[in-house]
Amino acid sequence: MTSIINQRWPLGNLMDGFPNGEKQNKLSFGGVPEKGYFEEFNKDPKYISFSGTPEKAYFEEFNRYRNIDEDDNRDTFPLFNEISSNPESESYLQTFVDNVRINTDINFVSKTNSFSQNDLSYLNATYVDKSLSLELPIKFNWAKTTSADSPDVVAKKKLISKPDNQYLCGSCWAVSVAGVVGDVFAVAGLVNWVPNISATYALIHYPQGRCKGGDPATLLYNIANNGIPSKHCVDYSWCSQNRTCTTADSAAHFGSDLSPLIPKDRGCYFDSEHYIFKIDSNIRTIVAGSGAIDVSNVQRTIKEYIYTTGPAVGGYIIFRNFTSKVPFGPHKGNSTFNVINGGVYLEKANYAQYRGEYGEHITEGLTFSSSNTDSDNYAGGHAISIMGWGIQPRIRVGNGPNDIADVPYWYCRNSWGTKWGMNGGYFKIAMYPYNRKSQFSKIVELMTPQGQHIRLGGVLAFTVSNPPVLKKLPANKQPPNPNSLSKLLDYYKNDEDDIVTKLPNIVPPSDGKKSTTSKTNNWYIYALIIIFILIIFFVLRK
(Lines of atoms letter the chains of each structure in order from A and count residues from 1; the text may use other names and numbers.)
(Lines give C-alpha, C1' and ligand atoms only; values in the text may rest on other atoms or scores of the structure.)
Protein backbone atom coordinates (compact mmCIF):
# COMPACT_ATOMS: atom_id res chain seq x y z
CA MET A 1 0.00 0.00 0.00
CA THR A 2 1.35 3.43 -0.91
CA SER A 3 1.39 5.78 2.02
CA ILE A 4 0.43 9.45 1.96
CA ILE A 5 4.03 10.19 2.81
CA ASN A 6 5.26 8.39 -0.30
CA GLN A 7 2.80 10.32 -2.42
CA ARG A 8 4.12 13.54 -0.97
CA TRP A 9 7.79 12.66 -1.23
CA PRO A 10 8.25 10.52 -4.37
CA LEU A 11 11.46 8.64 -5.01
CA GLY A 12 14.37 10.96 -5.66
CA ASN A 13 16.71 10.44 -8.57
CA LEU A 14 19.73 8.38 -7.63
CA MET A 15 22.60 9.61 -9.72
CA ASP A 16 24.90 7.10 -11.35
CA GLY A 17 28.39 8.33 -11.97
CA PHE A 18 29.75 11.70 -11.08
CA PRO A 19 28.91 15.36 -11.76
CA ASN A 20 30.37 16.55 -15.05
CA GLY A 21 32.08 13.21 -15.43
CA GLU A 22 34.76 14.27 -12.96
CA LYS A 23 35.39 10.98 -11.29
CA GLN A 24 38.53 12.30 -9.65
CA ASN A 25 36.36 14.66 -7.62
CA LYS A 26 34.20 11.87 -6.24
CA LEU A 27 34.95 11.46 -2.56
CA SER A 28 33.46 9.23 0.10
CA PHE A 29 32.62 9.44 3.74
CA GLY A 30 34.23 7.19 6.23
CA GLY A 31 37.11 8.78 7.95
CA VAL A 32 39.71 7.01 5.88
CA PRO A 33 42.13 8.99 3.71
CA GLU A 34 41.52 9.06 -0.03
CA LYS A 35 45.25 9.30 -0.54
CA GLY A 36 47.91 7.96 1.75
CA TYR A 37 47.57 4.22 1.48
CA PHE A 38 50.48 1.96 2.20
CA GLU A 39 52.14 2.51 -1.16
CA GLU A 40 52.65 6.16 -0.18
CA PHE A 41 55.23 5.01 2.36
CA ASN A 42 57.26 3.37 -0.38
CA LYS A 43 57.24 6.59 -2.40
CA ASP A 44 58.38 8.82 0.44
CA PRO A 45 58.67 7.41 3.96
CA LYS A 46 58.95 10.88 5.45
CA TYR A 47 55.72 12.28 4.14
CA ILE A 48 52.15 11.10 3.75
CA SER A 49 48.84 12.77 3.01
CA PHE A 50 45.63 11.75 4.77
CA SER A 51 42.19 13.03 3.72
CA GLY A 52 43.82 15.45 1.34
CA THR A 53 45.64 17.10 4.23
CA PRO A 54 49.44 16.86 4.48
CA GLU A 55 50.76 15.36 7.66
CA LYS A 56 54.41 15.20 8.67
CA ALA A 57 54.71 11.56 9.55
CA TYR A 58 57.88 9.63 9.97
CA PHE A 59 57.87 5.94 9.22
CA GLU A 60 59.80 5.29 12.43
CA GLU A 61 56.75 6.45 14.40
CA PHE A 62 54.75 3.57 12.95
CA ASN A 63 57.45 1.03 13.74
CA ARG A 64 57.63 2.28 17.31
CA TYR A 65 54.01 1.29 17.91
CA ARG A 66 53.87 -1.97 15.98
CA ASN A 67 54.48 -4.10 19.10
CA ILE A 68 52.58 -2.34 21.85
CA ASP A 69 52.12 -4.29 25.07
CA GLU A 70 48.79 -5.95 25.70
CA ASP A 71 48.26 -3.57 28.62
CA ASP A 72 47.55 -0.78 26.14
CA ASN A 73 44.15 -2.16 25.31
CA ARG A 74 41.15 -0.81 23.44
CA ASP A 75 39.53 0.59 26.60
CA THR A 76 41.36 3.85 26.07
CA PHE A 77 40.83 4.06 22.32
CA PRO A 78 40.57 6.52 20.72
CA LEU A 79 42.07 8.68 23.44
CA PHE A 80 45.33 6.76 23.94
CA ASN A 81 45.93 8.16 27.42
CA GLU A 82 48.55 5.53 28.21
CA ILE A 83 50.53 5.29 24.99
CA SER A 84 53.66 7.25 25.61
CA SER A 85 55.32 9.70 27.93
CA ASN A 86 56.56 11.51 24.83
CA PRO A 87 53.93 14.16 23.97
CA GLU A 88 55.39 14.65 20.49
CA SER A 89 55.15 10.96 19.61
CA GLU A 90 51.66 10.72 21.06
CA SER A 91 50.66 13.73 18.99
CA TYR A 92 51.84 12.03 15.81
CA LEU A 93 49.81 8.94 16.58
CA GLN A 94 46.68 10.86 17.52
CA THR A 95 46.89 12.81 14.26
CA PHE A 96 46.65 9.56 12.31
CA VAL A 97 43.76 8.36 14.41
CA ASP A 98 41.88 11.61 13.85
CA ASN A 99 42.34 11.38 10.10
CA VAL A 100 41.21 7.79 9.82
CA ARG A 101 37.92 8.52 11.60
CA ILE A 102 36.96 11.47 9.41
CA ASN A 103 35.14 11.26 6.11
CA THR A 104 36.10 13.25 3.10
CA ASP A 105 32.91 14.33 1.34
CA ILE A 106 29.26 15.00 2.08
CA ASN A 107 27.58 15.80 -1.21
CA PHE A 108 24.03 14.71 -0.42
CA VAL A 109 22.45 16.98 -3.03
CA SER A 110 24.03 15.05 -5.90
CA LYS A 111 22.38 11.83 -4.69
CA THR A 112 18.90 12.96 -3.66
CA ASN A 113 16.10 15.25 -4.71
CA SER A 114 15.77 18.62 -3.03
CA PHE A 115 13.16 19.40 -0.42
CA SER A 116 10.25 20.66 -2.54
CA GLN A 117 7.46 23.06 -1.67
CA ASN A 118 5.10 20.08 -1.34
CA ASP A 119 7.55 18.41 1.05
CA LEU A 120 7.78 21.61 3.04
CA SER A 121 4.01 22.06 3.21
CA TYR A 122 3.53 18.45 4.30
CA LEU A 123 6.20 18.76 7.00
CA ASN A 124 4.72 22.01 8.30
CA ALA A 125 1.24 20.47 8.42
CA THR A 126 2.59 17.40 10.23
CA TYR A 127 4.41 19.57 12.75
CA VAL A 128 1.37 21.75 13.49
CA ASP A 129 -0.84 18.67 13.77
CA LYS A 130 1.51 16.99 16.25
CA SER A 131 2.45 19.98 18.37
CA LEU A 132 -0.74 22.08 18.26
CA SER A 133 1.59 25.05 18.33
CA LEU A 134 3.19 27.40 15.84
CA GLU A 135 6.27 27.82 18.03
CA LEU A 136 9.04 25.24 18.18
CA PRO A 137 10.52 24.58 21.63
CA ILE A 138 13.67 26.55 22.42
CA LYS A 139 15.45 23.27 23.01
CA PHE A 140 14.63 19.68 22.19
CA ASN A 141 16.74 16.54 22.26
CA TRP A 142 15.89 12.92 21.43
CA ALA A 143 18.89 11.80 23.51
CA LYS A 144 17.62 13.26 26.80
CA THR A 145 14.33 13.09 28.66
CA THR A 146 12.94 16.22 30.33
CA SER A 147 10.01 17.08 32.58
CA ALA A 148 8.34 18.75 29.60
CA ASP A 149 8.18 15.48 27.62
CA SER A 150 4.85 13.72 27.23
CA PRO A 151 4.66 10.03 28.28
CA ASP A 152 4.64 9.08 24.59
CA VAL A 153 7.84 11.02 23.92
CA VAL A 154 9.52 9.62 27.04
CA ALA A 155 8.66 6.09 25.91
CA LYS A 156 10.15 6.70 22.48
CA LYS A 157 13.30 8.33 23.84
CA LYS A 158 14.03 5.11 25.73
CA LEU A 159 14.34 3.39 22.36
CA ILE A 160 16.84 5.83 20.82
CA SER A 161 20.27 4.40 19.96
CA LYS A 162 23.33 5.24 22.06
CA PRO A 163 26.69 6.35 20.59
CA ASP A 164 28.68 3.60 18.88
CA ASN A 165 32.42 3.40 18.24
CA GLN A 166 33.63 3.01 14.67
CA TYR A 167 37.21 2.59 15.95
CA LEU A 168 39.80 2.73 13.17
CA CYS A 169 37.46 1.66 10.37
CA GLY A 170 36.23 4.64 8.37
CA SER A 171 32.63 3.52 8.71
CA CYS A 172 30.87 6.58 10.13
CA TRP A 173 28.79 6.73 6.92
CA ALA A 174 27.31 3.33 7.90
CA VAL A 175 27.28 3.78 11.68
CA SER A 176 25.44 7.12 11.54
CA VAL A 177 22.82 5.81 9.10
CA ALA A 178 22.26 2.61 11.11
CA GLY A 179 21.60 4.59 14.27
CA VAL A 180 19.25 7.07 12.63
CA VAL A 181 17.23 4.41 10.79
CA GLY A 182 16.51 2.66 14.08
CA ASP A 183 15.66 5.96 15.74
CA VAL A 184 13.13 6.92 13.07
CA PHE A 185 11.37 3.55 13.46
CA ALA A 186 11.17 4.15 17.22
CA VAL A 187 9.80 7.68 16.85
CA ALA A 188 7.25 6.46 14.31
CA GLY A 189 5.92 4.00 16.92
CA LEU A 190 6.64 1.01 14.69
CA VAL A 191 8.79 -0.85 17.24
CA ASN A 192 8.70 -1.25 21.00
CA TRP A 193 12.36 -2.16 21.41
CA VAL A 194 15.73 -0.59 20.58
CA PRO A 195 16.25 -1.59 16.93
CA ASN A 196 20.09 -1.69 17.05
CA ILE A 197 20.47 -1.69 13.27
CA SER A 198 23.61 -3.45 12.01
CA ALA A 199 26.22 -1.15 10.46
CA THR A 200 28.28 -4.26 9.70
CA TYR A 201 25.48 -5.65 7.51
CA ALA A 202 25.71 -2.42 5.50
CA LEU A 203 29.49 -2.79 5.17
CA ILE A 204 29.02 -6.35 3.87
CA HIS A 205 25.99 -6.00 1.58
CA TYR A 206 26.15 -2.32 0.56
CA PRO A 207 29.92 -1.92 0.85
CA GLN A 208 30.87 1.15 -1.21
CA GLY A 209 34.36 1.88 0.15
CA ARG A 210 33.77 -0.08 3.36
CA CYS A 211 36.45 1.09 5.83
CA LYS A 212 37.67 3.60 3.26
CA GLY A 213 34.39 5.48 3.35
CA GLY A 214 30.99 5.70 1.73
CA ASP A 215 27.99 7.90 1.02
CA PRO A 216 25.11 7.89 3.54
CA ALA A 217 22.56 8.94 0.90
CA THR A 218 23.38 5.93 -1.28
CA LEU A 219 23.15 3.63 1.74
CA LEU A 220 19.68 4.97 2.56
CA TYR A 221 18.52 4.05 -0.95
CA ASN A 222 19.96 0.55 -0.46
CA ILE A 223 17.99 0.19 2.78
CA ALA A 224 14.82 1.49 1.11
CA ASN A 225 15.14 -1.10 -1.66
CA ASN A 226 16.47 -4.15 0.17
CA GLY A 227 16.29 -3.54 3.91
CA ILE A 228 18.72 -4.08 6.77
CA PRO A 229 18.61 -6.29 9.92
CA SER A 230 19.74 -5.68 13.49
CA LYS A 231 22.98 -6.55 15.25
CA HIS A 232 21.43 -9.89 16.23
CA CYS A 233 22.27 -10.97 12.67
CA VAL A 234 25.84 -9.68 12.55
CA ASP A 235 27.45 -7.02 14.71
CA TYR A 236 30.67 -4.99 14.95
CA SER A 237 32.60 -7.70 16.84
CA TRP A 238 34.96 -8.15 13.86
CA CYS A 239 36.38 -4.72 14.79
CA SER A 240 35.53 -4.13 18.46
CA GLN A 241 37.10 -7.46 19.48
CA ASN A 242 40.08 -7.17 17.13
CA ARG A 243 43.19 -5.42 18.37
CA THR A 244 44.14 -4.40 14.84
CA CYS A 245 40.98 -2.30 14.63
CA THR A 246 40.89 -0.85 18.11
CA THR A 247 44.32 -0.04 19.48
CA ALA A 248 47.37 2.03 18.83
CA ASP A 249 49.15 -0.71 16.92
CA SER A 250 46.56 -0.09 14.22
CA ALA A 251 48.76 2.84 13.22
CA ALA A 252 50.91 0.36 11.37
CA HIS A 253 47.90 -0.70 9.33
CA PHE A 254 46.45 2.67 8.33
CA GLY A 255 47.88 2.43 4.85
CA SER A 256 46.80 -1.15 4.27
CA ASP A 257 43.06 -0.50 4.95
CA LEU A 258 41.04 -2.36 7.59
CA SER A 259 38.29 -3.45 5.18
CA PRO A 260 39.67 -7.03 4.93
CA LEU A 261 38.72 -7.50 8.59
CA ILE A 262 35.01 -7.21 7.69
CA PRO A 263 33.38 -10.68 7.59
CA LYS A 264 33.66 -12.33 4.18
CA ASP A 265 30.49 -14.41 4.57
CA ARG A 266 27.30 -12.59 3.64
CA GLY A 267 25.02 -14.39 6.07
CA CYS A 268 24.10 -13.94 9.71
CA TYR A 269 26.04 -15.67 12.44
CA PHE A 270 23.21 -18.20 12.83
CA ASP A 271 20.38 -19.62 10.73
CA SER A 272 17.45 -17.85 12.39
CA GLU A 273 14.74 -15.24 11.99
CA HIS A 274 15.57 -11.55 12.14
CA TYR A 275 13.61 -8.35 11.64
CA ILE A 276 14.27 -6.58 8.34
CA PHE A 277 13.88 -2.79 8.41
CA LYS A 278 12.97 -0.90 5.23
CA ILE A 279 12.59 2.86 4.97
CA ASP A 280 10.41 4.76 2.49
CA SER A 281 12.11 5.76 -0.75
CA ASN A 282 11.37 9.47 -0.27
CA ILE A 283 14.93 10.45 0.62
CA ARG A 284 15.55 14.19 0.53
CA THR A 285 18.28 16.68 1.39
CA ILE A 286 17.44 19.69 3.54
CA VAL A 287 19.96 22.42 2.78
CA ALA A 288 19.73 26.13 2.00
CA GLY A 289 19.89 27.00 -1.68
CA SER A 290 18.29 23.76 -2.84
CA GLY A 291 14.61 23.36 -3.73
CA ALA A 292 12.23 25.21 -1.42
CA ILE A 293 14.84 25.70 1.30
CA ASP A 294 16.76 28.92 1.82
CA VAL A 295 18.63 30.60 4.67
CA SER A 296 15.40 31.96 6.14
CA ASN A 297 13.71 28.59 6.66
CA VAL A 298 16.46 25.95 6.68
CA GLN A 299 16.97 25.75 10.45
CA ARG A 300 13.27 25.66 11.21
CA THR A 301 12.78 22.94 8.58
CA ILE A 302 15.54 20.79 10.09
CA LYS A 303 14.03 21.29 13.56
CA GLU A 304 10.52 20.41 12.39
CA TYR A 305 11.84 17.29 10.69
CA ILE A 306 13.72 16.17 13.82
CA TYR A 307 10.78 17.05 16.09
CA THR A 308 8.23 15.07 14.06
CA THR A 309 10.31 12.29 12.50
CA GLY A 310 13.34 11.71 14.71
CA PRO A 311 17.12 12.19 14.58
CA ALA A 312 18.67 12.97 11.20
CA VAL A 313 21.93 12.23 9.39
CA GLY A 314 23.98 15.41 9.03
CA GLY A 315 27.16 16.03 7.05
CA TYR A 316 29.67 18.78 7.70
CA ILE A 317 33.26 19.94 7.26
CA ILE A 318 35.77 19.15 9.97
CA PHE A 319 38.69 21.50 10.45
CA ARG A 320 41.78 20.58 12.42
CA ASN A 321 40.70 22.43 15.55
CA PHE A 322 37.69 20.08 15.93
CA THR A 323 40.06 17.33 17.06
CA SER A 324 42.47 19.52 19.08
CA LYS A 325 42.97 17.57 22.30
CA VAL A 326 43.13 18.41 25.97
CA PRO A 327 46.82 17.70 26.73
CA PHE A 328 46.58 16.71 30.40
CA GLY A 329 44.31 16.11 33.38
CA PRO A 330 41.01 14.25 33.70
CA HIS A 331 39.84 15.42 30.25
CA LYS A 332 43.05 14.37 28.49
CA GLY A 333 42.43 13.16 24.96
CA ASN A 334 38.95 14.65 24.62
CA SER A 335 38.49 17.38 22.04
CA THR A 336 39.10 20.69 23.80
CA PHE A 337 35.87 22.30 22.63
CA ASN A 338 33.82 19.71 24.55
CA VAL A 339 35.09 20.87 27.93
CA ILE A 340 35.28 24.69 27.71
CA ASN A 341 33.09 27.63 26.66
CA GLY A 342 29.77 25.85 27.04
CA GLY A 343 30.97 22.77 25.17
CA VAL A 344 29.96 24.27 21.80
CA TYR A 345 32.25 23.84 18.78
CA LEU A 346 33.03 27.20 17.15
CA GLU A 347 34.97 26.84 13.92
CA LYS A 348 37.27 29.87 14.40
CA ALA A 349 38.33 29.10 17.97
CA ASN A 350 42.02 28.48 18.70
CA TYR A 351 41.48 25.27 20.64
CA ALA A 352 45.00 23.99 19.94
CA GLN A 353 46.51 27.08 21.58
CA TYR A 354 44.21 27.07 24.62
CA ARG A 355 46.09 26.59 27.90
CA GLY A 356 43.56 27.77 30.48
CA GLU A 357 41.41 25.90 32.95
CA TYR A 358 38.87 23.30 31.85
CA GLY A 359 35.15 23.29 32.50
CA GLU A 360 32.08 24.08 30.42
CA HIS A 361 31.63 27.32 32.34
CA ILE A 362 35.14 28.55 31.45
CA THR A 363 35.05 31.22 28.72
CA GLU A 364 38.21 33.22 29.39
CA GLY A 365 41.50 32.44 27.68
CA LEU A 366 39.94 31.24 24.42
CA THR A 367 40.98 33.21 21.33
CA PHE A 368 39.74 33.17 17.74
CA SER A 369 41.28 33.33 14.27
CA SER A 370 39.69 33.16 10.82
CA SER A 371 42.68 31.11 9.63
CA ASN A 372 41.17 28.05 11.36
CA THR A 373 38.70 27.75 8.48
CA ASP A 374 41.26 28.16 5.70
CA SER A 375 41.53 25.28 3.25
CA ASP A 376 44.96 24.44 4.72
CA ASN A 377 43.16 23.45 7.92
CA TYR A 378 40.55 21.28 6.21
CA ALA A 379 40.72 17.79 7.75
CA GLY A 380 37.78 16.04 6.08
CA GLY A 381 34.04 15.56 6.19
CA HIS A 382 32.01 13.66 8.73
CA ALA A 383 28.58 12.04 9.03
CA ILE A 384 26.84 12.13 12.40
CA SER A 385 23.33 11.98 13.90
CA ILE A 386 21.62 15.26 14.78
CA MET A 387 19.58 14.56 17.92
CA GLY A 388 18.18 18.01 18.67
CA TRP A 389 19.02 21.63 19.35
CA GLY A 390 19.37 24.26 22.06
CA ILE A 391 20.87 27.62 22.98
CA GLN A 392 24.06 27.93 25.02
CA PRO A 393 23.90 31.17 27.03
CA ARG A 394 26.74 33.66 27.31
CA ILE A 395 29.72 32.00 25.69
CA ARG A 396 32.69 33.63 24.00
CA VAL A 397 32.44 34.02 20.21
CA GLY A 398 35.30 36.44 19.45
CA ASN A 399 38.36 38.22 20.76
CA GLY A 400 36.64 41.45 21.84
CA PRO A 401 35.71 42.08 25.48
CA ASN A 402 32.03 42.16 24.57
CA ASP A 403 32.09 39.19 22.19
CA ILE A 404 29.78 37.13 24.39
CA ALA A 405 26.57 35.70 22.95
CA ASP A 406 23.75 33.21 23.42
CA VAL A 407 24.68 30.69 20.71
CA PRO A 408 22.18 28.29 19.10
CA TYR A 409 23.60 24.80 18.58
CA TRP A 410 22.80 21.36 17.21
CA TYR A 411 23.17 18.47 19.67
CA CYS A 412 24.79 15.53 17.86
CA ARG A 413 25.62 11.86 18.41
CA ASN A 414 29.10 10.91 17.24
CA SER A 415 30.61 7.49 16.48
CA TRP A 416 33.89 7.83 18.36
CA GLY A 417 32.87 5.93 21.47
CA THR A 418 31.54 7.03 24.84
CA LYS A 419 34.84 8.35 26.20
CA TRP A 420 34.91 11.12 23.62
CA GLY A 421 32.65 14.16 23.73
CA MET A 422 30.14 15.07 26.43
CA ASN A 423 27.54 12.90 28.15
CA GLY A 424 29.11 9.75 26.73
CA GLY A 425 29.70 10.40 23.04
CA TYR A 426 27.70 13.52 22.11
CA PHE A 427 28.72 17.06 21.14
CA LYS A 428 27.32 20.51 20.41
CA ILE A 429 28.11 22.43 17.24
CA ALA A 430 27.20 26.08 16.65
CA MET A 431 24.53 26.80 14.06
CA TYR A 432 24.93 29.09 11.09
CA PRO A 433 25.95 31.95 11.06
CA TYR A 434 28.23 31.43 14.11
CA ASN A 435 29.74 28.61 12.05
CA ARG A 436 29.68 29.45 8.34
CA LYS A 437 31.62 26.47 7.01
CA SER A 438 31.47 23.73 9.63
CA GLN A 439 27.67 23.49 9.77
CA PHE A 440 24.70 21.63 8.27
CA SER A 441 22.50 24.40 6.88
CA LYS A 442 24.39 25.45 3.76
CA ILE A 443 26.45 23.76 1.07
CA VAL A 444 30.09 24.75 1.42
CA GLU A 445 32.56 24.57 -1.45
CA LEU A 446 36.25 24.39 -0.72
CA MET A 447 39.46 23.77 -2.65
CA THR A 448 42.10 21.78 -0.78
CA PRO A 449 45.81 22.63 -1.02
CA GLN A 450 46.12 19.62 -3.35
CA GLY A 451 43.62 21.20 -5.76
CA GLN A 452 40.75 18.90 -4.84
CA HIS A 453 37.29 20.43 -5.09
CA ILE A 454 35.12 19.66 -2.05
CA ARG A 455 31.37 20.25 -1.79
CA LEU A 456 29.83 19.44 1.57
CA GLY A 457 26.79 20.03 3.74
CA GLY A 458 23.16 19.16 4.31
CA VAL A 459 20.78 17.00 6.32
CA LEU A 460 19.22 13.79 4.98
CA ALA A 461 15.46 13.40 5.51
CA PHE A 462 13.37 10.25 5.06
CA THR A 463 10.31 8.58 6.58
CA VAL A 464 9.15 5.08 7.53
CA SER A 465 5.63 3.72 7.08
CA ASN A 466 5.75 -0.02 7.72
CA PRO A 467 6.98 -2.05 10.70
CA PRO A 468 9.96 -4.37 10.26
CA VAL A 469 9.22 -7.83 8.91
CA LEU A 470 10.42 -11.01 10.61
CA LYS A 471 12.31 -13.05 8.04
CA LYS A 472 14.65 -16.02 8.04
CA LEU A 473 18.06 -15.00 6.78
CA PRO A 474 20.81 -17.34 5.57
CA ALA A 475 23.59 -18.20 7.98
CA ASN A 476 27.33 -18.34 7.45
CA LYS A 477 28.76 -21.73 6.55
CA GLN A 478 30.81 -21.83 9.72
CA PRO A 479 29.45 -20.74 13.13
CA PRO A 480 31.41 -17.93 14.75
CA ASN A 481 34.05 -18.45 17.40
CA PRO A 482 32.36 -17.42 20.68
CA ASN A 483 35.60 -15.82 21.83
CA SER A 484 35.53 -13.45 18.87
CA LEU A 485 32.09 -12.02 19.66
CA SER A 486 31.20 -9.15 21.95
CA LYS A 487 28.05 -10.84 23.32
CA LEU A 488 26.93 -14.31 24.37
CA LEU A 489 25.85 -16.66 21.58
CA ASP A 490 22.16 -16.54 22.52
CA TYR A 491 22.07 -12.87 21.56
CA TYR A 492 22.76 -13.72 17.92
CA LYS A 493 20.55 -16.77 17.49
CA ASN A 494 17.35 -14.82 16.84
CA ASP A 495 15.43 -11.62 17.30
CA GLU A 496 12.64 -12.11 19.83
CA ASP A 497 9.68 -12.99 17.62
CA ASP A 498 7.09 -10.80 19.26
CA ILE A 499 4.33 -8.99 17.41
CA VAL A 500 5.36 -5.59 16.08
CA THR A 501 2.56 -3.12 16.51
CA LYS A 502 1.99 0.00 14.44
CA LEU A 503 0.22 1.89 17.21
CA PRO A 504 1.67 5.41 17.34
CA ASN A 505 1.34 5.69 21.12
CA ILE A 506 3.18 2.49 21.91
CA VAL A 507 4.68 2.42 25.42
CA PRO A 508 7.65 0.05 25.65
CA PRO A 509 8.74 -1.79 28.80
CA SER A 510 11.00 0.22 31.09
CA ASP A 511 14.14 -1.72 30.19
CA GLY A 512 13.75 -0.85 26.51
CA LYS A 513 13.63 -4.50 25.43
CA LYS A 514 11.03 -6.09 23.25
CA SER A 515 7.73 -6.77 24.90
CA THR A 516 5.91 -10.08 24.88
CA THR A 517 2.73 -8.48 26.20
CA SER A 518 1.04 -8.69 22.81
CA LYS A 519 1.53 -12.44 22.59
CA THR A 520 0.34 -12.96 26.16
CA ASN A 521 -2.80 -10.93 25.52
CA ASN A 522 -3.51 -13.00 22.40
CA TRP A 523 -3.47 -16.23 24.43
CA TYR A 524 -5.97 -14.75 26.89
CA ILE A 525 -8.27 -13.83 24.01
CA TYR A 526 -8.02 -17.31 22.47
CA ALA A 527 -8.76 -18.94 25.84
CA LEU A 528 -11.81 -16.73 26.41
CA ILE A 529 -13.15 -17.56 22.94
CA ILE A 530 -12.76 -21.30 23.56
CA ILE A 531 -14.49 -21.03 26.96
CA PHE A 532 -17.32 -19.01 25.40
CA ILE A 533 -17.80 -21.61 22.64
CA LEU A 534 -17.88 -24.43 25.18
CA ILE A 535 -20.50 -22.60 27.27
CA ILE A 536 -22.68 -22.05 24.19
CA PHE A 537 -22.23 -25.71 23.22
CA PHE A 538 -23.39 -27.01 26.62
CA VAL A 539 -26.28 -24.52 26.79
CA LEU A 540 -27.56 -25.63 23.40
CA ARG A 541 -27.30 -29.31 24.35
CA LYS A 542 -29.61 -28.71 27.30
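Numbering starts at 1 and runs along the chain as displayed.
Note: Cβ is positioned from N, Cα and C throughout, glycine not excepted.
Here is what Swiss-Prot says about this protein:
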ACT_SITE  Cys172  active site
ACT_SITE  His382  active site
ACT_SITE  Asn414  active site
TRANSMEM  520-540  transmembrane segment
Next on the checklist: Return only the integer: C-alpha distance in Å from Cys172 (active site) to His382 (active site).
Outcome noted: 7
Item to check | Mapped DSSP class for Cys172 (active site), helix or strand or coil | outcome: helix
Next on the checklist: I'd like the number of other C-beta atoms within 10 A of the C-beta of Cys172 (active site), please.
Outcome noted: 30
Item to check | His382 (active site) CB neighbourhood, other CB atoms within 10 A | outcome: 28
